[in-house]
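Report on the structure given below.
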Amino acid sequence: MEPVPAGIALLYTLVIIVGVAGNAWVVLSVVRSRRPRSKTTPASPSDRLRSYIAVLAVVDLTALMALFVRTLYLVLPELRLDNVSCQAVFLLDHTVKLASLTCLSCISVERYITIRKPFCSSIRKRFIQLTPVIAICALTVFSAALLLEMNNVVVSSDGLNCVQSTKKKVWMEISGQVVAASFIAQLMMITNNYSQIVRHVRRKFSKRKARVVAHSRQHESLVSEPRYMREMTSAILRVLLFHVVCWLPFCALRLVPVGDSISQLSASIRMFRNFTDYSLVSIGVFFAHILTYLSATGDWIFYAVMNRDLRNLIRLTTERRKRSTLSQQCSPSPLHKSLRQQVTSSLRFFQSIQSYRSSGAGCSFDDSTYGHSLVIQQGHGGESPKSSIFSNDFVPSPKISAISKYRTSLLNSDEVAV
């Protein structure tokens, strides 16, 4: 085997090994960590994101299978091709690429709705439920266009490679443009969603910064961006840059072909015209081709390994926003605090009066009258059965006794005077 095909075969093998190991780990992790959920309970954003990541991992595994077929044809250079095998490889390769990009679009829409919250809760819930349905319908339409374009792929004259036929019909041209537009439209959707998320987070910080400066009269340079906002924007920007680098060359060459680049990019199995043409166009086509498979290999890193940190940051942002909202709603005003202090002091005053009355420190008027009548009866010596009973059981307090003695002495003196 020549050095170039051997090096490309080695590169394909490394991409397949890393991608299969990582995506298989993602699928097993999602299956193992799946939680039971009732039919009436709606799925949380983390559950929906976990499902999208599992589907993306399965699609990426299928894309790596298509790359494995290409590797076999590189390792076995004498292996012949026919029209059926060329069309089958073309359909498998482009279908899984389109499905992978569709899953990435659904994930970006899900994150945009969860963080940005562009609609009310009922519309958001309905839109989130319809997102996979719309994606499946769009993928079905694009797959139908691929079936039409597939008829344009034929085997080369030597039987060692696949090319696109030069005799194209109108409906084949239209189907090819529809497929190219589907790739570039979904990439633009991903770019727009993640850009809007970053813009939303930065705009929220700008408003918060202006509010802090207005209330505390601090200089704007002293108000720094929180760590969780900085890490969130950097993580989203990394994901966005990864998708743009991996998919933009492929989408651009599909939409605006250069020479016969569309034939090499879409139909060719053995790259560089079966390793006979190493021009700049062929090199660019090869890099655009391999970058799409690097996307299938690296998706599990950005969405499974690094996604845990991103989910924690999003959850931290949501909880922080809820806590700030609750604190603003529940924090008492200065008027409420002053009224509460006045009511508390009034209640304490009345409680002190009530405790003083119930402690027995003073004597009621009835008790003193009762003690007075009892002493008068004892002073006259007329001891009735009723008075004798009370005189044996009742013991007046010293204060009542003194008052009673004083009053009885006055009465006795009056009686003597009379």
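Cβ coordinates come from backbone N, Cα and C, glycine included.
Annotated features in TrEMBL:
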type     : residues : note
DOMAIN   : 22-303   : domain 'G-protein coupled receptors family 1 profile'
TRANSMEM : 6-31     : transmembrane segment
TRANSMEM : 52-76    : transmembrane segment
TRANSMEM : 96-115   : transmembrane segment
TRANSMEM : 127-148  : transmembrane segment
TRANSMEM : 174-194  : transmembrane segment
TRANSMEM : 235-258  : transmembrane segment
TRANSMEM : 278-305  : transmembrane segment
Inset, instruction - Would you mind listing the long-range same-chain contacts of the transmembrane segment (96-115), meaning Cβ under 8 Å and 6+ residues beyond its ends? - result: 45, 48-49, 52-53, 55-56, 59-60, 62-63, 66, 124, 127-128, 131-132, 135, 138-139, 142-143, 146, 179, 182-183, 186-187, 189-190, 193-194, 196-197, 200-201, 243, 247, 250, 292, 295-296, 299, 303, 314, 317
Legend entry - Outside the transmembrane segment (6-31), six or more residues from its ends: residues with CB under 8 Å to it: 50-51, 53-54, 57-58, 60-61, 64, 67-68, 70-71, 74-75, 271, 290, 293-294, 296-297, 299-301, 303-304
Inset, instruction - Would you confirm whether the transmembrane segment (52-76) and the transmembrane segment (174-194) meet the contact rule of 3 or more C-beta pairs below 8 angstroms, pairs 6 or more apart in sequence? - result: no
Legend entry - Surrounding residues of the transmembrane segment (174-194) on its own chain - C-beta under 8 Å, 6+ positions past either end: 94, 97-98, 101-102, 104-105, 108-109, 111-112, 138, 142, 145-146, 148-149, 152, 236-237, 239-240, 243-244, 247-248, 250-252, 254-255, 262
Inset, instruction - Check the domain 'G-protein coupled receptors family 1 profile' (22-303) for me and report the mean pLDDT. - result: 87
